[in-house]
């Protein structure tokens, strides 16, 4: 056995000296640019739909569907809470899925896509009846979140199965985050520009409506706005399907380690497993607070711009600047984390937005200042997109090094991370809408009470800043630095070499015969 291994290794060394490729058993296949791009495109549907829902669903429920703010808050919170609960459930089901001809993750993506786009379209449809409208939106919102989870959790875990090399995974993650942020730009542009062309007038008192515009014109504008939301959702559904097709045809899922997977575990066993690993717990809790901060900003910035700052006709362009800035800064943050390390990138990238959040609420309404703040917020959003997904594989690798007898839990780690981020999103949406309800928000009002302006300032400035500072304090204790990351890389490579050697030993008698 040892002689056989030495022979194979000597042959690889000789081929390397001659400039020829070595045997594939001992050489890590690098991902091509095409592979990375196809993998990255698969992340766009989650961000396109998530951005459209995050920026526009609250306004849609309040001003287009004309739901009471209390019921709108129930839909947003219950939908996100349900979405969060489904993540670990789908993660467990994925981890127990058998290996198929096309892999273990890709079948989930293929079968969930058609149903997901149907439910997404119906979320943006205003039914003709009034009594069951709340149930309509709640059911289809929860169904869509569930089906999207069946896409996103396997896709997130797919990171661990496209390559064994940290460098290749980090590079693919950078491609993915660039495309995902570009997806948020597309989601904002499609939803914002199509809907922005059909903005309905605000609901002034009746005598003013009669003096300025007829009631029939208001009804016509409302109908145009409903149609605009449906057109935008149809375009986004087509993009969703196209991205899923590119992912499935452009990415090959590599078979997992030769070491057998551990036995499936229960929900609570999964919680103890993932949260019992210190680096993972600190990473997830730290990013839970920072995610909550950015989601509060995302969910309320459109209302803040239109209601408090008075930029009703410009808010969709302001949101577009945020997403464009995030897209443009992703390559910078990838270079920064490669050059200076991931922890420093977290500190700088997360905190760069804080002074500008203070500025936007302290100065009087100024469109130029708002665009500057939007750009800097986008730069910070770019870091928030890239860094968590770049650091998660490091935590999974660290777990593998320290728990060599517990394998096959990648989907659980990723699903619980998605669970916590979506839980934060549900809290932010529910708290935001309830806060506006208590402040006296007037649906499609020309003006809002003073308390609404104060509430929105807290939701886009004071609250996010406090949450960002808490998250940074927690991430300061995150123990995986560059040295530990490289040590883990070496240990995992030694494990893979050992498994390859064992496989070579078992196949040698057959080769001789």
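Using the three backbone atoms N, Cα and C, a Cβ is placed for every residue, glycine included.
What TrEMBL records for 1-25 (among others) is region 'Disordered'.
The compositional bias 'Basic residues' annotation in TrEMBL covers 1-14.
Annotation comment: TrEMBL describes 105-126 (among others) as transmembrane segment.
Among the features that TrEMBL reports, transmembrane segment is placed at 138-162 (among others). Nonlocal intrachain contacts for the transmembrane segment (138-162), taken as residues 6+ away from its ends with a CB within less than 8 angstroms of a stretch CB, comprise 31, 35, 39, 42-43, 45-46, 49, 74-75, 78-80, 82-83, 86-87, 90-91, 94, 103-106, 108-109, 111-113, 115-116, 119-120, 122-123, 168-169, 172-173, 176, 244, 247, 251-256, 389, 392-393, 396, 410-411, 413-415, 417-418, 422.
Residues annotated as transmembrane segment in TrEMBL: 231-252 (among others).
According to TrEMBL, the feature transmembrane segment maps to 283-305 (among others). Residues of the same chain lying 6 or more positions beyond the ends of the transmembrane segment (283-305) and with a Cβ under 8 Å from any Cβ of it are 54-56, 58-59, 275, 311, 314-316, 318-319, 322, 350, 357, 370, 377, 380-381, 384, 388, 391-392, 395, 416-417, 420-421, 423-425, 427-429, 431-432, 436, 456-457, 459-460, 463-468, 470-472, 474-475, 478.
Remote same-chain partners of the transmembrane segment (317-338), defined as residues 6 or more beyond its termini with a Cβ less than 8 Å from a stretch Cβ, comprise 51, 55, 170, 174, 177-178, 181-182, 184-185, 187-189, 192-193, 301-302, 305, 311, 344-345, 348-349, 370-371, 374-379, 381-383, 385-387, 390. Here TrEMBL flags 317-338 (among others) as transmembrane segment.
Here TrEMBL flags 344-363 (among others) as transmembrane segment.
Residues 156, 159, 170, 173-174, 176-177, 180-181, 283, 287, 290-291, 294, 297, 301, 305, 309, 311, 318-319, 321-330, 332-334, 337, 342, 345-346, 348-353, 356-357, 359-360, 417, 421, 480 of the same chain lie 6 or more positions beyond the ends of the transmembrane segment (368-391) yet place their CB under 8 Å from a CB of it. According to TrEMBL, the transmembrane segment annotation covers 368-391 (among others).
According to TrEMBL, the transmembrane segment annotation covers 411-442 (among others).
Annotation source TrEMBL lists transmembrane segment at 454-478 (among others). Using a Cβ-Cβ cut-off under 8 Å and counting only residues 6 or more beyond its ends in the same chain, the transmembrane segment (454-478) has close neighbours at 279, 282-283, 285-290, 292-294, 296-297, 299-301, 303-304, 307-308, 343, 346-347, 350-351, 353-354, 357-358, 360-361, 432, 435-436, 438-439.
Look at TrEMBL and you will find 486-513 (among others) tagged as region 'Disordered'.
What TrEMBL records for 486-499 is compositional bias 'Basic and acidic residues'.
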